[in-house]
Amino acid sequence: MPRVVLNGVTVDFPFQPYPCQQEYMTKVLECLQKKVNGILESPTGTGKTLCLLCTTLAWREHLRDAVSSLKIAERVQGELFASRTLSSWRSAADANGDSIDCYTDIPKIIYASRTHSQLTQVIGELRNTSYRPKVCVLGSREQLCIHPEVKKQESNHMQISLCRKKVASRSCHFYNNVEEKSLEQELATPILDIEDLVKNGSKHKVCPYYLSRNLKQQADIIFMPYNYLLDAKSRKAHNIDLKGTVVIFDEAHNVEKICEESASFDLTPRDVASGLEVINQVLEEQARVAQHGELQQEFIIDTSSSGLNMELEDIAKLKMILLHLEEAIDAVQLPGDDRGVTKPGSYIFELFAEAQITFQTKGCILESLDQIIQHLTGRTGVFTNTAGLQKLMDIIQIVFSVDPLEGSPGSQVGLGSSHFYKVHIHPETSHRRAAQRSDAWSTTASRKQGKVLSYWCFSPSHSMRELVQQGVRTLILTSGTLAPLSSFALEMQIPFPVCLENPHIIDKNQLWVGVIPRGPDGVQLSSAYDKRFSEECLSSLGKALGNIARVVPHGLLVFFPSYPVMEKSLEFWQAQGMSKKVEALKPLFVEPRNKGSFSEVIDAYYQQVASPGSNGATFLAVCRGKASEGLDFSDMNGRGVIVTGLPYPPRMDPRVILKMQFLDEMKGRSRVGGQCLSGQEWYQQQASRAVNQAIGRVIRHRHDYGAIFLCDHRFAYADARAHLPSWVRPYLKVYDNFGRVIRDVAQFFRVAQKAMPLPVPQAVTSSVSEGEAAVKEATLSSHSLSTRKAMSLDVHVPSLRRRPVGLPTAGDSESSVCVEYEQQTFSAQKRPMGLLAALEYNEQKAGASEEQALSSSTPSLRCEKRLSVEQRGGKKKVRLVNHPEEPVAGTQAGRAKMFMVAVKQALSQANFDTFTQALQHYKSSDDFEALVASLTCLFAEDPKKHTLLKGFYQFVRPHHKQQFEDICFQLTGQRCSYQPGNSLPFGEQAQSTASKQGRRELESKLTLSEGADRQLDPGEHLNQGWPHLSTHLTSKGDTSNCPKVGCVGEKPGQPAVNDYLSDVHKALGSASCNQLTAALRAYKQDDDLDKVLAVVAALTTAKPEHLSLLQRFGMFIRRHHKPRFVQTCADLMGLPTIGKGLELPCPRDESTTVPSELTHEDMKPGPSTSKKPEKTQSKISSFLRQRPDQSARSDDTIMQLPPRLPPEHTTSQWNFVCPACATEDTVLFQCPSCDFCRCRACWQRQLQASRLCPACGAVNRKQSIAQVIWPKPQ
């Protein structure tokens, strides 16, 4: 490797460094040798990470060599070097006054970046150098722990507590192996990143977390996320000693934000209430122990191994402290406009003093809180969520972070540090309320609108000064977007004698930069508040994007100011058809809000760009988002970057307002005007730095090239251009005509593609590892589906998911993929009863129910299960099972059972216990708010659990269903198909539910054509209204001629329609008639059978005499919905099913009894006295009888429909008509799990094709089919 001598230090570099890289390394050495701080900006792609590593490690080796020479000189006492005195060797070892006499005095290097993924890239760069230092990378237990029980804990603080408990009791065998195996060559010598630590730890059965802490003691360079350094609590937890170290912050443009956030907090009513609930539990538990006497108390504490060593009085005092804190916050008067009130930072000490939290008491309070958390660690249940207590501990440590000097009052210390802070108290706007507490200790705060206590730090200098006070030798801040450096240094309030603003290493033909003030249609492009959502601006921006996508090859990045702007733009473009035009050129990928889906989407984008024959892809992201922070879009992955606006912070946000006010106050106090930023300058820099970070994605190395499009007219202003990076400004050009933009960009890429070498193709990492050939096909299928899902806009943009799931627009294949991906609920989940009653049953049976996942479920359910597993990439399998002796999927208990198994698979044991206790509380108290609070914590955070939250709708009590749907939509962007009829009590929704298998949900949709009421012919109408049904009954009893419930003709004539509406008006009144007419019109337009039936059922089932109106409404139901309408009518009217009593399914009279003609008249086969029904039914029957070869086809068709009411007996000689083939047989056979009936021949054909019942999905055998036994007619 080439060697470069800089400032007397020889640096081994992987290649001959460029001039800008030599300049950068020289500045780094200047900081190290002079023990001063530095701010170094070097554009992305200039190799600053490699320069930092090589320079600092070369400097350490130089010091080490000097110390070695000194040791040798001391040992031989100058005999071998008589001409050189010992003092000259010592001066060589002393770096500008440092007293370095031994190897331990050589400074350690602490390399900090924002995330572990960025640190992994840094460690990869280190492996490419010739240096092989001792390396350590620090991480959290969440990332490094391999103990199965600890990993199950949901929260980080619970993992910490349980880990500490196991370490203290020596019950973690991974920790017990650390001392023995930490010196093994494979663990101590190589350069390991976070993944290597976990892999080697699992291989050698040694704890990676404590192994890294051991390696830290001997490491030359330590890698860690920089919140470990900036947060005093984290520094203490990881035992980080900063004295004499060299600290490097890479990607330091985020340091300001992290400094402020690590020293700030927001205390919500939920946090206080959660802490009080936990203390309540401990208090009650210890009180019960005390009542059993001293001997019993010792026995219980010994068996539980809780380690709690607190008096009952101390626990009660701790609860009083929290209650007083809650009262003090609630007592603050707020203005009536919900803006909140702001007080100086010192007010926090007054507020906490009212709750007896002071410098003098903080130690005892923190120790007590820690003991309670340790006491509850590892427990399960609703009261074991100690996150509230942990947050209170963190808050107390932040407020009282600076201990007072001896003899000085604590208030003065507080005043000295609090001028960097503001206290802001504002109403809680979140709907996630804590459940009301009902004990005598509770205050009324939880029953009012809560107040949030915010303690915000507005100066990063508070944390930076604290860092320097730890004895740091040199502090280096570096990034690609720090400009302007002077203002950045002013914010930190510590001296930075060394500054550098480096140019780029690229030539002029590798970068094109243009400001585009107007779109192709001449409309001004602007992301200003008053224009960003205007249709003209959105349309012009969409047209500009489409034109740019035509000329930019391969990957195109589009950055929006915020998520709402991106989502609104996509919504408009999709409505106008613009997104389809762009997708035809380059498929669209959208940056998701949640971190879990991001890697999936970005991998799909990379593969789309790299796929052979592809025109590339478009990636839509937001400034300050995940895609703009250190992600690699080199070469083809990012040939163009479009910035659609200046991403200013929200101007009306209280924190932004107070930050600007704070800076203005600080500037006013400083007599020298240039020593502090003003609020407006800070506001401008926040936008410009976000833009600079986004455009830094385009050039990633020396031979990369690309174009930058600044699509906002405000980029043409001089002040906006002045805040762009120095390497961009020389290439910037403002265009007044969009056509010239396209011409120049096309010319630029033609030249660049000829001049620049082709990029080395990167091998696509296979998702199939060795030894997994057996599942390769499934993995590839999953990956393909995952890619399609990543391309679906609806998946990642909540505003595009507002239409009901299951109704994608015509031709929208991407939307159909979205629906396919998101429908992870099962058909059995959509029933409105049975979950609460099945809790105890589920607890007994769930453990043994994982072996029959697909054997007893319906085909559609099995298909949905397979899809859901594939679409999740095989990360977790949710297997829904039933035992033969258990209720099948169609029953209420079966549906509840399957839902509970899915929930148990998705949640940890602790969270599942919380779920069950919340349900039991809801069952006993009907407390809907408490239920929602629990469900939100369990299912709302993880998008993969949104389907479970939505599926819970079926079990919510009717009077809470509408509220639940609104909350579900707010949290997930999905609705629960609420209809007005869902709010009826269960008894009114279905009078015979207890005796039925369970109501089927009406899923299929139909369309009522325009003017249907005018197209119906009364002459051809089968059931001419209720009077016809009640007076013209069949005289011979032939069921082929007996009208079924709701089975009316296909074309009701205008007289029949008028008669029906007239009867509705007379029976229900004008208001109800208008409501029914409106529902029918809506049914004609939206094709939603659920909606119209909900309205009709609500209107016609209130009184028994109105049930005939429900039946007669069948004249408007189309043929393919007749079976479901029949079943719904039967359920609502309480008609018995087959085998449970016989009653003709015809409308009832005023007394709701069967007409006498049905029970006394001798019924024999024969034509009906009703002419039109006779003609219609006889044609159908004769058609079926004349074509026996079609019976199987007819049967197959009927088998796909839900089970309809069983046919009535036809003759006194026990003859019946099969509903499928319409042939007569002496006996019908019935499914043992439902009311599905067929003749022997039809059952034989069905069982040969499938053993699953077409109606309920139960597994049937020939021996299990039950013969239908009828009472002999009198």
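In case you wondered, yes, glycine gets a Cβ from its N, Cα and C as well.
Among the residue ranges 151-167, 848-864, 882-898, 950-966, the one that Swiss-Prot annotates as motif 'Nuclear localization signal' is 151-167.
When Swiss-Prot is compared with the stretches 250-253, 982-985, 1062-1065, the one noted as motif 'DEAH box' is 250-253. Taking CA atoms as the reference points, Lys48 (ATP binding site) and Cys145 ([4Fe-4S] cluster binding site) are 32 Å apart. For the domain 'Helicase ATP-binding' (7-296), the model's average pLDDT works out to 84. It is 33 Å from the Cα atom of Gly47 (ATP binding site) to that of Cys145 ([4Fe-4S] cluster binding site).
Other than the site residues Ser42, Pro43, Thr44, Gly45, Thr46, Gly47, Lys48, Thr49, same-chain residues with C-beta atoms no more than 8 angstroms from the centre of those residues' C-beta atoms, the ATP site, are Cys51, Gly480, Asn502. Taking the centre of the Cβ atoms of Cys145, Cys163, Cys172, Cys207 as the [4Fe-4S] cluster site, the nearby residues of that chain (Cβ within 8 Å, site residues left out) are Arg141, Ile146, His147, Val150, Lys166, Val167, Phe174, Tyr175, Tyr209, Tyr210. All protein chains shown were included, and the count of other CB atoms within 10 Å of the CB of Thr44 (ATP binding site) stands at 26. Each of the binding-site residues Thr46, Thr49 was scored by the number of other CB atoms within 10 Å of its CB, and the largest score is that of Thr46. In the three-state DSSP assignment, the secondary structure recorded for Lys48 (ATP binding site) is helix.
Note on Cys145 ([4Fe-4S] cluster binding site): other Cβ atoms within 10 Å of its Cβ, all shown chains, come to 26. Counting only same-chain residues six or more apart in sequence, the Cβ atoms lying under 8 angstroms from the Cβ of Gly45 (ATP binding site) belong to His504, Ile505, Ile506, Ser634, Ile699, Arg700, His701, Arg702, Asp704.
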